[in-house]
Every structure is written in C-alpha cells, then in structure tokens.
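So that you can see what the record holds, here are the features copied from Swiss-Prot:
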| type | residues | note |
| --- | --- | --- |
| BINDING | 19-28, 110, 137-138, 212, 250, 359 | substrate binding site |
| ACT_SITE | 174 | active site |
| ACT_SITE | 248 | active site |
| ACT_SITE | 365 | active site, nucleophile |
C-alpha cells in the first residue's frame, strides 16, 4: 500500500529562553542565561517547514504549549491570582519559573513514539505519548501533548493515541528520539528499533550523564503501540557516548527506509546489531561514520546526526542539516565525501536553526515522523498540514504575538502570560483544534 512519511514539526513557543535546564545536554548548559529571540526561533522553524513542504516532502505543524504553566506552580504551593503566583515564584524561587516556562515542547521528536499501521497488529496508527520524566520541565508536557495529538489525529477508527507511561524513573520514556524504523517502501512492514540507555539489573550504563530511556519503558511502548513482535529490536545506546552529551539516540543516529546513518560508536554491541539488521531488513545499508573522520564531540557540537533523512520519489535521499555542520571544516568535508560515495544520499539541505540549536535541538528534534497511507493522511486534521497559506498565516501570527528579546527576568511579567494565552487562543482557532489548553477549559479562552 502506498504511504508517505509526514513530518510534524513543533512550533517554537513564545517563552523560548536559555535556562540550562537539561543536564546531559551540553548545548543547553553552555548557553545558559543568554538572551533569546523567540520570534526568530519560531520563524527559523517555520522556514524549514515551508521549504521542505515546497520541495515535495509532506509537512505539518504541532502547536506550542501554554507557558508559563501556572497550574504546576499552584501544585508547588504558590497561591493567589495568576499574577500573584508569578510574582511570588519570581521572588521566592525563580528557578521554578524558568522550568514552568520552558519552550521544550517544540522538540516534538520527544512528544510520542509512532507505529505505522503496516507494523501494528490491529492495522491502526498508534501514538504513545512520552512521559519525559528525567527532567522536571519536560515531565509537564504529557497531558497537553496527548490533547494536541488527539485533536490532530482525531479519527479513532484509524488512530490510537495512548497516554504516557507512569511517571517513575523505571519507565523513563523519551519518545521517537530513541526510536528508528527501517524497511523498504513506507507502506510495507518495517523493523522498529527501540533504543534504550539503561535497564534494571544491567550494570552497563553511563556514569557522568543520565540515561533517560529505559528498556522497560521501550518494551511497554512497543506493547501499547501493538507492534508485531516479529518487527521489534531493542538496542542499547553506547553508554560512553551518553557521557559525551548524546542524551538521545537522534543525536548519534538517524534512519530512513533501508538506510541507517550513524556514528561507529552509537550503539553498544554495534556490530552485532548491524548484523541482525542485515539479516532482517531487505537491502539494509549502514552508513557508519568513523571516529577518525568525525569524533563524537564534533558530532554533538554540530548535530550531524540530528539531521533528517528524507526520501524522494526516485529512491534518492536528502540529508537535512543544521548550519553548524557547514561551518565545521571536518564535518563538511566528510559530508561532501558522503555525497560522492555509493549510497542513496544525493543532496544536502542546510538550515539556520541557531535559536533551537543553542538549547540543544537540531532539525530532527523539531520533528515527529508519522508514516501515513493516503486514506490516513486524509483523516488527519487538515488545518495543520503545511502549505503556503498556512505558512503565511503562522508567520503573521508570530509577528503579531512573539517578542524578539527574552531574558529569564521577563518570565515574571504577567503581560507575557497574557500575550501567550491570547496567542494560543488564536492559534487553536487557526488550526481548528478546539480547547486543548487548560486555560481554555477553565473558561479563559474561546478555542
């Protein structure tokens, strides 16, 4: 059956700022307290969506979350009106204000794990929301992510959206950023690789930085998504690269159809994994980047593997990269050698995503891949599908509501909260989503 990969990109939120909230993510830590530009961040992401859609790659958008998120501050003991809550937390515990204002939902590779209908026992597309419980600011995302996905994939005959796993460390789940799918054409059954960093009773784990994904979580997600057990491989990420800042597998590997593009040190027992894939995936091709050509450190600083590998109709592939790859002489030299070599990659597309990159999120972080048949694609909420009309509407929306300068101190401004709610209220109408945000359900919005 014919099917396509649709990339659902996260729209950067109005409170995009640099707070260094993500231990283990070296870019996040390095850019802590810098002044951010939310308007530019959103426009950089939108431009990527527009250009890829214009090049013939199906593209859609997932909206940002409500931030600052006042309900959590109330859970933490701050009381009064919304404005009073903001004032109290800014004065008494400003670190909480930064956490509940994070624009991290823009990295929708962590929103959920997807199983296309060709891989599932019931023939539906399954989406399991990630609990993201390794980081407080990200653990807040799951309920609204679930509401958004249910508003986008709202045909229950074709889509099943599952709630996140219980919020405990044993079941730490980071979504599609730790998941790859390999196979032939998108509509054919594929092999799903669930990548984890730790498991109970296994001493092979990182020592410097946390392993956010557990094998126990990966197994549970595979069950929830009803993936055919014959089409699942569980693979451990190399703990040494986690300790070098590879906090998700999509920082060290990316797959598309029959190709796995990865660093030679990406996985524990890598040669064994690749042999398994060669035996189980027709035409499997591993493009392993040697450490002698690109070190793990350079891969992390340029986000070489946090790229998108996209298929053209003729079977050739395009590698979508951040600007940082072009600016690194060694990485750019390797990429040009890759283009000349015998593999399906025939074009490099480079995007300036500096605002997101400075918080540790490249092209792959910003997108959630969903393989859909034509019938399934028609069942998706059409208002979120990217085209010139939607791009222009969203670009105007960003110009109207987003600030071009934001510091941590600005997060306490009650006007920022009001601007954000008004913006999201308008956006839910633009994208035909209904009332998906808590402030709307409490009677504060018109969505």
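Cβ atoms are placed via backbone N, Cα and C, with glycine included.
Mapped onto this structure are the features recorded in Swiss-Prot.
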{"residue": "19", "record": "substrate binding site", "Cβ within 10 Å": "23"}
{"residue": "21", "record": "substrate binding site", "Cβ within 10 Å": "21"}
{"residue": "110", "record": "substrate binding site", "Cβ within 10 Å": "29"}
{"residue": "138", "record": "substrate binding site", "Cβ within 10 Å": "22"}
{"residue": "174", "record": "active site", "Cβ within 10 Å": "30"}
{"residue": "248", "record": "active site", "Cβ within 10 Å": "29"}
{"residue": "250", "record": "substrate binding site", "Cβ within 10 Å": "30"}
{"residue": "365", "record": "active site, nucleophile", "Cβ within 10 Å": "24"}
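Under DSSP, residue 19 (substrate binding site) is assigned to coil, being neither helix nor strand in the three-state scheme. Residue 248 (active site) sits 16 Å from residue 21 (substrate binding site), taking the C-alpha atoms as the reference points. Cα separation, residue 250 (substrate binding site) to residue 365 (active site, nucleophile), rounded: 8 Å. Listed in sequence order, the binding-site residues from 19, 21, 138 having a Cα within 10 Å of the Cα of residue 365 (active site, nucleophile) amount to none. The separation of residue 174 (active site) from residue 110 (substrate binding site), Cα to Cα, is 5 Å.
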